[in-house]
Amino acid sequence: MSKNILILNCGSSSLKFAILDPASGDEKLSGLAENFNLVDARIKWKLNGEKGAADLGAGAAHSEALNYIVKNILSAELKDSIGAIGHRIVHGGEKYTSSIVITDEVVAGIKEAAAFAPLHNPAHLIGIEEAFKAFPELKEKNVAVFDTAFHQTMPEHAYLYALPYSLYKEHGVRRYGFHGTSHYYVSREVAKVVGVEPSKVNVITCHLGNGASVAAIRNGKCIDTSMGFTPLEGLVMGTRSGDLDPAIIFFMHNTLGMSVKEIEETLVKKSGLLGLTEVTSDCRYAEDNYATHADAKRAMDGFCYRLAKYIGAYMAVLGDDHLDAIVFTGGIGENAGLVRELTLNYLKLFGIKVDSEKNTAARFGKSGEITAADSAFRAFVIPTNEELVIAQDTACLAL
C-alpha cells in the first residue's frame with residue numbers, strides 16, 4: 001500500500017492538518033484546530049467527505065489537538081498509512097534554500113530564524129516537538145518545508161535594503177519573501193498550460209489572500225517578490241498595511257504618543273482592507289459593495305492599484321525576457337473577479353485585455369485563462385495547492 005503524508009501547519013493559536021497521497025494528490029483528511037489556550041478551543045475536520053467537530057476543552061493547545069487527531073479521528077488503517085510528516089515552516093532565513101529532513105541541527109536553525117518570525121517559528125517548533133511525541137515511529141521522517149526557500153534565488157540587488165550593509169551582514173536584515181510554496185506550485189502549473197518547461201517559464205504570480213504577495217519568476221526561479229524582511233511589506237492585505245513611508249512610524253510614536261506595541265498592532269492587525277473600510281478585512285465586502293459604498297470602493301481601488309503597480313514593475317524586472325503569463329491564486333486571486341479585472345485594466349498600456357466572460361467563470365476552484373484572444377499577454381487563474389507541494393517534498397525526502 002502506498003504511504004500517505006501527514007501535513008502540519010502550526011500557528012500560535014491554531015493547527016491546520018491534512019493527510020494526502022503524494023502521488024495522486026487525493027486528500028484523505030483535512031481539518032483545523034483553533035482557539036488554543038482559550039475556553040472555547042475546538043477542532044473541526046473532514047474525513048472521506050464527511051465533516052466532524054468537537055470541543056478540545058478549555059486551555060487546550062497543540063498537544064491536545066494532535067492527541068485528539070490520533071485517538072479520535074484517525075482509524076488504525078489511516079494512521080498506519082502515514083509514512084512521513086511534512087511541516088510548513090514560515091521562515092528558514094538564508095540557511096535553508098530547499099526542504100530538509102528535520103534533525104537537531106535543523107531544529108536549531110528554525111529556532112535561530114525565529115528572530116525574523118517571532119509569531120510563527122516558535123509555534124512550528126512546538127508542532128515538531130508534539131509530532132515527535134505523537135508519532136515516535138516517524139521521528140526520522142519529519143520534513144521542514146520553508147515558505148522562504150523559493151525566494152532564495154533572488155539576486156543581491158533585489159533582496160538588500162538600502163540600509164547600512166552591516167545590518168545585513170551582522171543581523172540578517174534583508175528581504176526574504178513568503179508564500180514561496182504557493183508561488184512555486186502555480187508557476188509549475190501554468191508552465192504546463194502554456195506549454196513551457198518549468199525551468200524556462202517566465203511568469204508573474206499573485207498569491208492573494210488575507211496575506212498577499214507577488215513574485216517575478218524568470219526561468220523558473222524567483223528573482224523578486226513583494227514581501228520583505230517580514231510578511232508586512234508589499235501589497236495591501238486583509239489587515240496589514242503593506243508598503244508605507246517608514247517615517248509614519250516615527251510620527252505615530254513621537255507625535256501621536258503610540259507605543260511600539262500599539263504601532264505594530266496597527267500596521268499588522270488594523271490596516272489593509274480593514275483600515276480602509278473601517279468595517280472588515282474581508283475582500284468580499286469590498287467586492288460586493290464596490291458600486292454603492294464609498295468605503296468598499298476606497299479599499300478595492302487601493303488594493304488593485306497597489307497590485308497593478310507591482311505587476312507592472314515586475315514586467316520591467318523581467319527585462320528583455322518574454323512573459324509567459326500572469327497568474328492569480330489564493331482565496332482572493334481565485335474568486336474575486338472584480339479584483340482581477342480592475343487590476344489588469346490598469347495594465348492596458350501593455351496591451352492586456354480581460355475577457356469578462358472568462359474572468360467571471362474562473363472562480364470556486366475553476367482554473368482558466370481570463371484574457372482575451374487578442375491580449376498582448378495572457379493571464380490565468382490557477383488554484384494553489386501548497387499542501388500537495390509539502391506532501392511531495394516530504395515524500396521525496398522521507399519515503
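Yeah, the Cβs are placed from backbone N, Cα and C, and that goes for glycine too.
Residues annotated as active site, proton donor/acceptor in Swiss-Prot, with sequence analysis given as evidence: Asp147. Residues or ranges marked as Mg(2+) binding site in Swiss-Prot (evidence: sequence analysis): Asn9, Glu386. Summarising the annotation, Swiss-Prot assigns ATP binding site to Lys16, His207, Leu208, Gly209, Asn210, Gly211, Asp282, Cys283, Arg284, Gly331, Ile332, Gly333, Glu334, Asn335 and lists sequence analysis as the type of evidence. Annotated substrate binding site per Swiss-Prot: Arg88, in sequence order, evidence recorded as sequence analysis. If you look up Swiss-Prot, you'll see His179, Arg240 marked as site 'Transition state stabilizer', on the strength of sequence analysis.
Taking the features listed in Swiss-Prot, we show where each one sits on the structure.
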residue	record	Cβ contacts under 8 Å, 6 or more apart
Asn9	Mg(2+) binding site	Leu15, Lys16, Phe17, His87, Arg88, Gly127
His179	site 'Transition state stabilizer'	Asp147, His207, Gly211, Ser213, Ala215, Met227, Gly330
Leu208	ATP binding site	Leu235, Leu307, Phe328, Thr329, Gly330, Gly331, Ile332, Gly333, Ala336, Val339
Asn210	ATP binding site	Met237, Gly238, Thr239, Ser281, Gly331
Arg240	site 'Transition state stabilizer'	Gly211, Pro231, Leu232, Leu267, Val268, Ser271, Gly272
Asp282	ATP binding site	Gly238, Leu273
Glu334	ATP binding site	Phe328, Ala362, Arg363, Phe364, Gly365, Val381, Pro383, Thr384
Glu386	Mg(2+) binding site	Arg88, Thr181, Ser182, Tyr185
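Reduced to three states, the DSSP call for Glu386 (Mg(2+) binding site) is helix.
Spread of the ATP binding residues is 23 Å (greatest Cα-Cα distance among Lys16, His207, Leu208, Gly209, Asn210, Gly211, Asp282, Cys283, Arg284, Gly331, Ile332, Gly333, Glu334, Asn335). Residues within less than 8 Å, Cβ to Cβ, of Arg284 (ATP binding site) and separated from it by at least 6 positions along the same chain comprise Ala336. Neighbours of Arg88 (substrate binding site), defined as other CB atoms within 10 A of its CB across all chains, total 22. Annotation for the recorded positions Lys16, Asp147, Ile332: lowest Cβ count within 10 Å of the residue's own Cβ, Lys16.
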